[in-house]
Amino acid sequence: MPDIHIKNTRIYYNNSLRPAEILIENGKITKIGKDFRVSSSDMVIDAEGALTLPAGIDVHVHFREPGMTLKENWYTGSCAAAAGGIATVIDQPNTIPPTTDRRSFEQKLKLARKKSIVDFGINGGVTGNIEKLRELWRLGVTAFGEIFMAESTGGLNINEETFEEALAEIKKLGALATIHAEDEKMRLELEQLLKGDVSYDYHSKVRPNACEASAVQSALELISRLQVRAHFCHLSTLEAVGMIRKEKYLAKRENKKPLFTCEVTPHHLFLSAKDWERLRAFGKMNPPLRGSHSIKALVNGLNDGTIDMVASDHAPHLESEKDLDIRAAPSGVPGVETLMPLMLAAVRKNILPLSQMIMVTSWNPAKAFGLDRLGKGWLEVGFDADLMIVDPRNLQPIRADMLHSKAGWTPFEGMDAVFPEYTLSRGEVIWMEDSINAKPGRGEFLEGSGKRSEEDEEENSEETGSD
C-alpha cells in the first residue's frame, strides 16, 4: 500500500508536460503513470489543476546558527525553505564559530539535526586552516566555501596565496571549491577613493562590475592550472557571464566537461540598481545590485545553460540592523522562501521555460554538489519523493508578514510569486494548507562524498602505516 497517492496532477516528464499520478512509499517515488487502481493509501492528494514538480535544492543558505540566532536558526530557516518549496539546503560556514574544524562542524551538525525540517548539507570554511580541510572532508562536508576572495559577513576572506593553497588541497581531496569572486584589492582602493560618498548606491560603486570580473578571471586561471572542480557563487555581471560562456564553449569544443559550475540569485535576476532608492540599505548585499545590461545577461545565461543554477544566498539580518546608513548596515538579504515562487512566476511570465526552471532549481544543483547519488534532484521512480505541488494560476504578491524567516522583511515585497500548496520531503508532507506540517529535527544530514566512518579511518591509518 502506498503512503501517498497524488492524483489528477500534471508533471514535466520525458520532455513534456503531461497528466499523471504518482505513488510514494517509504520516502521514494515508486510509480509514475495514469489511472492507477489503488485500493487504499495513507494519504490521497487530489492535485486537480496543479503541477507536481521536483522540490527546490538551495545550495547557498546562511541559517546563522550557531552564533547569530537573533537573525535566523535551523528551525526557522528550514521552515522558510519548506514554505517556499525547498526540500534540501546547503548551509555556508560563516557562522560563529565558523565551520573550519571538527569541533565547529560537529557543533553545527548537532544543532541542524535537532532543528531542521528539511534535508541539509554543510559546507566547510576555508581560512588559514588548510591542514583541517582533509578532516572536514572526511567528516562529510558537502563542499568547501564559499571561499571569500573579498570581505563579507563573517570575516572569512583570504589572500591570494592562501586561496591557491586551498584550491590545491581541495584538488587533492577530489572535493568541490565554492567561490565568492570579488577583487579585494580593487574594493579597498575604491573604498578609500569614495570615502566621502554617503549615497545608497555607494555599495555598487565600491564593488563594481570590474571587481567581480577581475576575481572571476583570476579564479578561472587557477581552476584551469590546478584542474580543481569549482563552483562560482552568485554571479551578477555581464562581464562574468561572458567569461563563463567563453570557457564553457572552449571546453565543449574540446569535448571536455567544464571544471566549474555557477549560480545566480533571485535578487540579481529580479532587482536592480534602480531599486536602491526604494530599498536603501535593505538592498545591500555582496555582490551588489547591478544595472539592466547585467540583468539581461543573467537571464540569457540562465536560458542558454551558461548559468547552471539558481540559489538564494539567503543571508538574513533583522530590520533594526539593516535600517542604518549604507556603510554601517550589514550585507545580505533573506530569500530561501521566495526563490521557487519567484522562479515559478518567471515561468508564468515567459522569462524562462518550465523545463529550464526545473533544471536550474533541482537537477543541476543535485549533480553539481553530489546530491544525485543520494536520490535527490529528479522526479523519477527510485528518487526521493522531494516534491512541490503548485497551481501556476495562483499568482500573488509577496508580503513579509506571510514569510517565516526571523528577518521579518523581504526585498521582494509586492512582487509576483507562485507559492506551493504542498511541499514533500522524502515522502512526508512538510508544508500544506499554508502551514508547517513537520517536527523539528526530521531533516536528514546529507553526507558529502568524502565522508569516512571511524572504521574507514582506522583502516586507512593502518594502510598508511604499512607503506
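Each Cβ is built from the backbone N, Cα and C atoms, and glycine gets one as well.
Going by Swiss-Prot, these are the annotated features:
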ACT_SITE  ASP313  active site
BINDING   HIS60, HIS62, GLU146, ASP313  Zn(2+) 1 binding site
BINDING   HIS62, PHE63, ARG64, ASN94, HIS317  substrate binding site
BINDING   GLU146, HIS180, HIS234  Zn(2+) 2 binding site
COMPBIAS  441-454  compositional bias 'Basic and acidic residues'
COMPBIAS  455-467  compositional bias 'Acidic residues'
REGION    439-467  region 'Disordered'
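Everything Swiss-Prot records as a feature, shown here on the structure.
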residue	record	Cβ neighbours (10 Å)
HIS60	Zn(2+) 1 binding site	29
HIS62	Zn(2+) 1 binding site	26
PHE63	substrate binding site	33
ARG64	substrate binding site	29
ASN94	substrate binding site	25
GLU146	Zn(2+) 1 binding site	27
HIS180	Zn(2+) 2 binding site	26
HIS234	Zn(2+) 2 binding site	23
ASP313	active site	29
HIS317	substrate binding site	28
Tally of residues which DSSP labels helix, strand or coil - the compositional bias 'Basic and acidic residues' (441-454): 1 helix, 1 strand, 12 coil
Nearest of the recorded positions (ASN94, HIS180, ASP313) to HIS60 (Zn(2+) 1 binding site), judged by Cα-Cα distance: ASP313
Between GLU146 (Zn(2+) 1 binding site) and PHE63 (substrate binding site): CA-CA distance (Å): 14
Spatial neighbours of HIS234 (Zn(2+) 2 binding site) among the recorded positions HIS62, ARG64, ASN94, ASP313, HIS317 [C-alpha, 10 Å]: ASP313
Distance from ARG64 (substrate binding site) back to GLU146 (Zn(2+) 1 binding site), taken between C-alpha atoms, in Å: 14
Remaining residues near the recorded Zn(2+) 1 site, that is with C-beta within 8 Å of the centroid of the site residues HIS60, HIS62, GLU146, ASP313: VAL61, GLN92, HIS180, CYS233, HIS234, ALA311, SER312, HIS314, ALA315
Zn(2+) 2 site shell beyond GLU146, HIS180, HIS234, criterion: Cβ within 8 Å of Cβ centroid: HIS60, GLY145, PHE148, SER152, THR178, ILE179, ALA181, PHE232, CYS233, ASN286, ASP313
Integer Cα-Cα distance in angstrom, the residue listed as 'active site' to HIS62 (Zn(2+) 1 binding site): 7
Cα-to-Cα gap, HIS317 (substrate binding site) vs HIS180 (Zn(2+) 2 binding site), nearest whole Å: 19
Where ARG64 (substrate binding site) sits in the secondary structure, as DSSP reduces it to three classes: coil
